[in-house]
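Chemist: The transmembrane segment annotation in TrEMBL covers 63-82, 140-164, 176-194, 200-218, 230-250, 306-327. The feature domain 'Peptidase S54 rhomboid' is assigned by TrEMBL to 134-270.
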Amino acid sequence: MAVDPSKLSMAFDPSKLQTQIDIKPPPPPFFTESAAETLQEPTKLSFFASRYRRPRRHRADTWLISLFVILHIVAFMATMVVNDCWSKSHGDCALKAFGRLSFQPLSENPLLGPSASTLDEMGALRRTFLTENHQTWRLFTFPCLHAGAIHLVINLSCVIFVGIHLEQEFGPIMAGLIYILSAFVGTLVAALFVEKRPSVGSSGPLFGLLGATLSALIQNWEMYTNKFTALASVIFVSIGNFLLGLLPYVDNFSSIGGFLSGFLLGSAFLSSPKVKEVVQDKGGLMDYDLKNYIKSRLRQKLDRPVYRSVSILLFGLMLAGCLVGVLQGINMNQYCGWCRYADCVPSKSWSCRDMENSCETMASNEQLTLTCMANGNFRVLPFTNISQARTNDLCSVICS
């Protein structure tokens, strides 16, 4: 059979052949250059500010800590309304321009806050309230109160600084759980050491957040670039608030209990955010450095169950022991005479003695004279219409 040469040349025309064949580019390598560069970079994060740890939608999850802050502010405002220094103290107040919301004199409350009787009325702790009156409801109001405006501002500023970080990293449920449990255990520890003067424990949950932050930092120490800065921040905030607790009405034992609780809870429940991010976002690229990744995961699987179990066990023992001690009315000050100085430092303005003050009152010519029976100090007041609670407040000031 004869073949037409013209048709044969058209069939083998290179230009025609190029249009008929679909030449596909070679498939890209499994690891792109950008992905390799990403995985080759040091896998370290900034502790307090890292946009890589969680999706952006989680970074807006700060509603729970914000809610706690608002509730504390409302509680303090309600305390100052009940205090009503302008009327109950006959105008002997600090910052009188605030009227009903003005503060007690600095000699009575150096933290710009209410009187001792007002704190008692709002739910502060005293040993007599627990052992004699059995007012266990104070265990729930105690961590909600602040001793004064200075205490409020410092405490809530630190709660915002530390709490929002934890809530963004580990979610509102975990941050709220640590906050509430630390507050409760801190209250139980404070109840074991509380004396006959009123005290409030809003610093307990703050120290719980600090303990959890320290625990998360220690567990993920190798992952952070600014770990020493973060550690210094936690230490600075802790020391500052502990020193604040040496002033009247602020309980430091709740801070100690809260810190230990937060550390144990953080050790049990705060996992590494970096490992989760690699698994979720890297996808198939995570086996680029498969050897190191398997080592880290294997070490975590071997270590963390034991670490978590021990932390949970210690927290459970701490909670149970404190609860039994409070229900039995144990006073730890009988077994530790120097422990009270971790909560109060004596000064010329106040005393740390665990004793009830008594004063002799004498009214004459529209004047009231209060004389302390312990040291003989006295004070003459230009009025006689004064409540018994306010008389006890002034008696404590005179006898200190």
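Note: Cβ is positioned from N, Cα and C throughout, glycine not excepted.
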Chemist: What is the number of residues in the domain 'Peptidase S54 rhomboid' (134-270) that are helix, strand and coil, as DSSP sees it?
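Modeler: In the domain 'Peptidase S54 rhomboid' (134-270), the DSSP-based counts are 106 helix, 4 strand, 27 coil.
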Chemist: For the transmembrane segment (140-164), find every same-chain residue at least 6 residues outside the stretch whose CB is under 8 Å from a CB in it, and list them.
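Modeler: Distal contacts: 62, 65, 68-69, 71-73, 75-76, 79, 103, 109-114, 119, 122-125, 175, 179, 183-184, 186-187, 190, 199-206, 209-210, 213, 234, 237, 240-241, 244, 247-251, 254.
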Chemist: Can you work out which residues elsewhere in the same chain, 6+ from the ends of the transmembrane segment (306-327), have a Cβ less than 8 Å from its Cβ atoms?
Modeler: 130, 139, 185, 188-189, 191-192, 257, 260-261, 264-265, 267-269
